[in-house]
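Input: a single structure, listed below in C-alpha cells.
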Amino acid sequence: MFARAASVFVLSLPILATANVLPRQDNQCNTGSLQCCSSVQSSSSSLVAILLGLLGVAAGGLTGQVGVTCSPITVIGVSGTSCSEQPVCCTGNTFNGVIATGCTPVNVNL
C-alpha cells in the first residue's frame, strides 16, 4: 500500500510543477523615466485639470495615470536617493516636476 501511494506521489510531481507556471511582472522601467511622485492621479481628475490649466497644457489627448509633484530617481543606491511616496515609470512629458504624464506604478523596493 505504501509503495502505491509513493509511486502516485512521485508520478504527480511533474504535473504539479508544470501547473504553477505563471507570467511574472518584473516591475522594471524599460521605457520612460523612473520618478518619485507624491501621488498618482487619473488624467481626468480635477487636480490634474487644475495643474494642467496652470501650466497652460491642453488635457485633450491625455489618458492614463499622471504623477503629481515628481522628482527623478537616478541610479538606486548611488546618491542616497530614496522614494517614500509612489515610485512610477513615466513615459510622457514632465513639467518641471509638477506633473509627469503616462505613469505606471512600479515596485522598486526603495
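In case you wondered, yes, glycine gets a Cβ from its N, Cα and C as well.
Candidates considered were C89, C90, C103; the recorded disulfide partner of C29 in Swiss-Prot is C89.
Candidates considered were C36, C37, C103; the recorded disulfide partner of C70 in Swiss-Prot is C37. The disulfide-bonded residues under consideration are C29, C89. Their Cβ neighbour counts within 10 Å are lowest for C29.
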